[in-house]
Amino acid sequence: MPSQTPQDLRDLQQPLIHHANDKSNGSEKLTIDEMLQKYCGEFGRWQLRHFVLTSLAWALEAFHTMVMIFADREPRWWCTGPGCQAQTQVCGLPPGSWDWVDGFGSSTVAEWGLVCGDKYKVGLVQSIFFFGCMIGIFGHLSDSSLGRKGSLSIICLLNGILGCLTALSPNYGVYTILRFLSGLGTGGVGMCAFVLATEPIGATKRGVAGMSTFYFFSTGIALLSGIAYTFPSWRSLYVASSIPSLLFITIVIPFLSESPRWYLVRGKTKEAMEVMRQMALTNGRTIPLGVELTLDDNAYANKTNHIETHKIDDILLQGKEAIAINGSLIDVLKSPVTRVRLYLAFMINFCCAVVYYGLSLNVVNLDTNLYLNVLLNAVAEMPAFTLTAMMLDKFGRKPLTIGTMWFSGVFCLLGIMMNKSYGMLRMICGILGIFAMAGTYNLLFIYTVELFPTVVRNAALGCVTQASQMGAILAPLVVVMPTTFPFIVFSVCAFVGGLLGFLLPETLNQPLYDTMAALEEGQAISTHIFNSS
């Protein structure tokens, strides 16, 4: 029997191995990123409409979160009798010698007397709200059978109902419980909306689009300032800021599509293809017959030739059978690659939240118009989003994260040097600090999404979001401290967060992986190329 050459062996094997992108059998298997780039369009009319409608939920999160600035404010007071004209605070004044300018219904502080010895209760209820945000479960459930769209619908319904019930609170205890329950849902609004809005967008457009979601949050804060001015009573304010969540469910949600990436990892290939075909049609394109979606670990298995022949056949067979692939936070912690990324992202987001929410809530300590201060802070965030979006693909995620955190840290450091008599200058330092940290907060969502694969993306993003909520829990307690202490804490957090950013990998122009296997394979290839060069 004549000896067989290597070419003869390859010829014998060839009919047995069907590559993911092999068109010889009439089919073409592509990952979602490849299909977006080749056939659907990375950011066409479909993605624009879906992105805008989904991102409206960010304004709802702003309403439910920042309403505390106005509802829990300490309103102005005035003397009604002799002996209090020289006082700057109501503590120690005899009953009946003073009264609230806007009446007892203007805020929870006025109605329940949360001043002097009970002032800590203001920071406490705000921290309890953020604690509810931290332990919220809907971000994690959106990776399960509820999906991104289902989770967002349930959260908005609960927030709308709980917000209206909060307006009926008979006392501080009930108010605190309802704010905690509102926090359970509010913490997942932005996360679900962000993932649902960005997952159908192509890799080259995802960064800028993702950064743009936060315009909706800042716009929500600016609108809330106007709503609070229109509804001076804290009870009417809660109703007015909660009704939009109920309107969102009835008017917007029906026009949203579930994420095709979620469909794919859940084994619902048919539904994923329906979304992709509708996307292509709306964008003026078509997907040819025979083109199918595949998970990116299948594609990597064929492209890298690092798996035995029978393993390739097994993977392709699984792809045909559309087996659902599930992931959890446990899988993130098991992988050496994602575990380190999670720890770093957790700490950086914690530091960022302390500064961002701390500076936002600190406006109540400035002797200027509260409505105007909140509006200026919201407006200051918008150019930060524009600048970071412009520099995102030029400088990369890592340098921008470090730079924006340190920029904010510098102005927080300047705020330490100014006492209360420099109220206007301290306000400017706070605005510039928020300007930079808002850009960081925005950027970290993009960064986190790109650090983890689809199958565990919401679980990882939920954990990182909990870190942000932990920072938000601490922020109200920092704000009630002596004059310069808050700025000391803010500057330390900003500089520490920037230092931790040096340890994260750059994700600019890297694929948005679907599975853990694909991420680890891609990381191994990148490391090999780096070491070879």
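Including glycine, each Cβ sits where the backbone N, Cα and C put it.
Automatic, uncurated: that is what TrEMBL annotation is.
Marked as domain 'Major facilitator superfamily (MFS) profile' by TrEMBL: 50-509.
If you look at the transmembrane segment (120-138), the same-chain residues 6 or more away from its ends with a CB under 8 A from one of its CBs are 65, 68, 72, 74, 108-109, 114, 146, 151, 154-155, 172, 175-176, 179-188, 192, 357, 361, 466, 469-470, 472-477, 479-480. If you look up TrEMBL, you'll see 120-138 (among others) marked as transmembrane segment.
Positions annotated as transmembrane segment by TrEMBL: 150-168 (among others).
If you look up TrEMBL, you'll see 174-196 (among others) marked as transmembrane segment.
Here TrEMBL flags 208-231 (among others) as transmembrane segment. Listed as Cβ neighbours of the transmembrane segment (208-231) (distance under 8 Å, sequence separation of 6 or more from its ends, same chain) are residues 43, 47, 51, 55-63, 66-67, 69-70, 190, 193-194, 197-198, 201, 237, 239-241, 371, 374-375, 377-379, 381-382, 385, 388-389, 392-393, 438, 441-443, 445-446, 449.
The transmembrane segment annotation in TrEMBL covers 237-256 (among others).
Sequence-distant neighbours of the transmembrane segment (342-359) (same chain, 6+ residues past either end, Cβ-Cβ under 8 Å): 130, 332-333, 377, 401, 405, 408-409, 412, 430, 433-434, 437-438, 440-441, 444, 447-448, 451-452, 460, 463-465, 467-472, 474-476, 478-479, 486, 489-490, 493-494, 496-497, 500-501, 503-504. Under the heading transmembrane segment, TrEMBL lists 342-359 (among others).
Sequence annotations record features per position, and here TrEMBL assigns transmembrane segment to 371-392 (among others). Distant neighbours of the transmembrane segment (371-392): 66, 69-70, 207-208, 211-212, 214-215, 217-219, 221-222, 224-226, 228-229, 359-360, 363, 400, 404, 427, 430-432, 434-436, 438-439, 442-443, 446; these residues of the same chain sit at least 6 beyond its ends, with a Cβ under 8 Å from one of its Cβ atoms.
Per TrEMBL, the feature transmembrane segment maps to 399-418 (among others).
Under 8 Å from some Cβ of the transmembrane segment (424-447) lie the Cβ atoms of residues 194, 206-207, 210-211, 213-214, 218, 345, 348-349, 352-353, 355-356, 359-360, 362-363, 366, 368, 373, 376-377, 380-381, 383-385, 387-388, 392, 397, 400-401, 404-405, 407-408, 411-412, 414-415, 418, 461, 464, 468, 487, 490, 494, 497, 504, 507, all in the same chain and six or more residues away from its ends. What TrEMBL records for 424-447 (among others) is transmembrane segment.
The transmembrane segment annotation in TrEMBL covers 485-504 (among others).
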